[in-house]
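Asks: Mind looking over this structure? Questions follow.
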Amino acid sequence: MIEAKDRLIDKMLESGAILFGHFVLSSGKESDYYINVKKVVTDPDALELMAGLIAGLVQRVGIDFDRVAGPELGAVPIATAVSLKTGKPLVIVRKKPKGYGTGSQIEGDVKEGDRILLVEDVTTTGGSVLRAAEVLESLGARIAAIAVVVDREEGAEGSITSKGYTFLPVIRVSELLERKETVKGRESD
């Protein structure tokens with residue numbers, strides 16, 4: 001698992017998924033760095049690593065689930081890869097209900113009592129993924145766990161666990177930044 005995690009971090013660094021400068025995050029917070037996992041989900045090897053790491057983490061912790069869900073847009077490819085890896089059906093959670101057709105806020109089937117593994121690309125405060133959890137729970141589903149590729153370590157874990165959810169970060173930003181410094185140090189030798 002550690003080797004796969006390091007390979008994923010390396011792919012993130014190589015793809016330019018970590019940017020430095022001034023950014024406003026979806027939470028409204030300002031940051032001097034931005035993690036754009038969307039830059040790396042277009043790499044099939046990185047996507048496979050993400051799916052394998054999430055599936056392995058969930059299995060090790062002993063989480064049982066019936067479906068994999070991801071909020072649009074960033075988590076959809078990751079949730080799809082986890083769905084393929086685990087053989088569990090996929091559910092996509094829209095930010096807002098469609099303004100046409102059925103007006104649904106989800107794509108895919110959710111039944112009363114379904115245990116959902118909710119997947120997210122990056123968490124800061126946890127607000128976006130918690131809104132997705134509310135949508136799924138309003139349909140009678142239960143959140144088995146929330147797995148995230150990168151946790152920025154800015155409050156998401158506390159927000160998510162305070163609601164009673166199991167929080168499973170694959171990579172914490174401190175690990176990512178530490179790896180960046182290690183790689184940078186090797187390159188300057």
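Glycine is treated like the rest: Cβ placed from N, Cα and C.
Below are the features I grabbed from Swiss-Prot:
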{"type": "BINDING", "residues": "ARG94, LYS95, LYS98, GLU120, ASP121, VAL122, THR123, THR124, THR125, GLY126, GLY127, SER128", "note": "5-phospho-alpha-D-ribose 1-diphosphate binding site"}
{"type": "BINDING", "residues": "THR124, ARG152", "note": "orotate binding site"}
Asks: Rounding to the nearest whole angstrom, report the longest C-alpha distance spanning ARG94, LYS95, LYS98, GLU120, ASP121, VAL122, THR123, THR124, THR125, GLY126, GLY127, SER128, listed for 5-phospho-alpha-D-ribose 1-diphosphate.
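Replies: That value is 26 Å for the farthest Cα pair.
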Asks: When you measure from the Cβ of THR124 (orotate binding site), which residues in the chain that are at least 6 apart have a Cβ under 8 Å away?
Replies: LEU25, SER26, SER27, LYS29, ARG152, GLU154, GLY155, ALA156
Asks: When DSSP is mapped onto helix/strand/coil, what comes out for THR123 (5-phospho-alpha-D-ribose 1-diphosphate binding site)?
Replies: strand
Asks: Give me the count of other Cβ atoms within 10 A of the Cβ belonging to THR125 (5-phospho-alpha-D-ribose 1-diphosphate binding site).
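Replies: Other Cβ atoms within 10 Å of THR125 (5-phospho-alpha-D-ribose 1-diphosphate binding site): 19.
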Asks: Taking only same-chain residues 6+ apart in sequence, whose CB is under 8 Å from that of ASP121 (5-phospho-alpha-D-ribose 1-diphosphate binding site), what do you get?
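Replies: Residues satisfying the criterion: VAL37, LYS38, VAL41, GLY74, ALA75, ILE78, VAL148, VAL149, VAL150.
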Asks: Considering the binding-site residues ARG94, LYS98, ARG152, which residue's Cβ sits among the greatest number of other Cβ atoms within 10 Å?
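Replies: Neighbour-count leader: ARG152.
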Asks: Please state whether DSSP places LYS98 (5-phospho-alpha-D-ribose 1-diphosphate binding site) in a helix, a strand or coil.
Replies: coil
Asks: What same-chain residues, at least 6 away in sequence, bring their CB to under 8 Å of the CB of GLY127 (5-phospho-alpha-D-ribose 1-diphosphate binding site)?
Replies: SER26, SER27, SER159
